[in-house]
Amino acid sequence: MAQAQGFGRRYIKAFFKGFFVAVPVTVTFLDRVACVARVEGASMQPSLNPGGRQESDVVLLNHWSIRNYDVQRGDIVSLVSPRNPEQKIIKRVIALEGDIIKTIGYKKKYVKVPHGHIWVEGDHHGHSFDSNAFGPVSLGLLHARATHILWPPKRWQKLQPMLPPERKPLQKEQE
Amino acid sequence: MFRNALGKTFRFLGYTVQYGCIAHCAFEYLGGVVVCSGPSMEPTIQNSDIVFSENLSRHFYCIRKGDIVIAKSPNDPKSNICKRVIGLEGDKVCTSNPSDFLKSHSYVPKGHVWLEGDNLRNSTDSRCYGPVPYGLIRGRICFKIWPLNDFGFLRASPNGHRFLDD
């Protein structure tokens with residue numbers, strides 16, 4: 001009787017020990033290193049979600065590479081939406097701080113991106129809620145960089161930073 | 001003996017990783033101790049005061065008007081600012097200086113907050129860089145720990161006139 005009780009207590013102890021190791025490590029990994037997310041919407045077509053609602057892409061989001069807020073023009077990034085903090089949006093970085101760009105449908109025709117901000121746009125112009133609607137976004141809202149498409153298997157690829165030539169900044173502050 | 005030292009090193013690294021992860025979860029989802037610097041929140045918070053900030057309110061979206069919050073600086077994501085919430089989304093705020101003859105007002109856009117330091121004369125805040133997106137808020141300061149003669153919950157704003165009722 002006493003031996004069976006000893007075993008039960010040992011299992012409970014082992015369970016809690018494992019729980020307190022596994023949960024914080026997993027949560028920290030998903031918050032700081034990388035996580036996976038399904039892309040919804042048509043704002044990044046044709047790069048992401050070309051199949052529409054039938055086949056949403058699943059992307060790998062890399063938090064670690066942007067821990068120093070080091071983004072390049074052409075990167076696909078996910079950020080906290082400035083209009084709705086409960087939502088994350090995924091867009092392409094078009095301009096960095098100091099660049100002067102021509103906007104599409106923004107209240108000002110030419111914008112110089114302020115210090116500590118970036119200009120993001122979806123690839124599907126006209127169907128995208130991006131900086132052309134809410135202006136430059138603060139780098140502090142940056143969530144992760146999308147590095148790979150993981151699903152569906154036929155779209156398995158590494159996402160390369162690609163800036164559409166017609167969206168290049170008119171004047172760059174840094175090279 | 002070499003294998004013993006290797007075993008000990010791995011165990012040490014394992015504990016470091018585990019406690020580091022617990023610390024990350026605690027600060028991200030519960031709260032932590034913060035050292036404030038700068039004169040922008042005087043007299044409520046002085047330079048080098050130590051305060052406790054809780055990070056649950058921002059996850060549950062219950063930051064209220066009048067709360068003191070810590071947020072990432074809009075112009076420099078690597079530094080933090082500590083200000084009081086004067087207006088939430090949809091509130092009317094006064095954007096002009098007290099010395100201006102004509103008062104100008106605007107409404108805080110959706111998903112943003114208007115932050116001002118208690119020391120209005122010596123504070124760069126929303127009057128300078130505009131409304132701050134809610135996503136930049138890191139936590140709400142609820143309690144002062146140091147200096148001990150000022151221990152306890154934080155006072156209400158000395159600038160009641162900045163809170164405009166609709």
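Glycine is treated like the rest: Cβ placed from N, Cα and C.
TrEMBL labels come from automatic prediction, so no person has curated them.
The active site feature in TrEMBL is assigned to A:Ser43, A:Lys91. Positions annotated as domain 'Peptidase S26' by TrEMBL: A:14-102, A:107-151.
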(request) Only counting partners 6 or more residues apart, tell me which same-chain residues put their Cβ under 8 Å from the Cβ of A:Lys91 (active site). (result) A:Ser43, A:Met44, A:Ile76, A:Val77, A:Leu79, A:Val120, A:Glu121, A:Gly122, A:Ser128, A:Asp130, A:Ser131
(request) Let me know how many other Cβ atoms fall within 10 Å of the Cβ of A:Ser43 (active site). (result) 22
(message) Just to be sure I understand, if DSSP states are collapsed into helix, strand and coil, how many residues of the domain 'Peptidase S26' (A:107-151) fall in each?
(response) 7 helix, 20 strand, 18 coil
(message) Helix, strand or coil for A:Lys91 (active site)? Use DSSP.
(response) strand
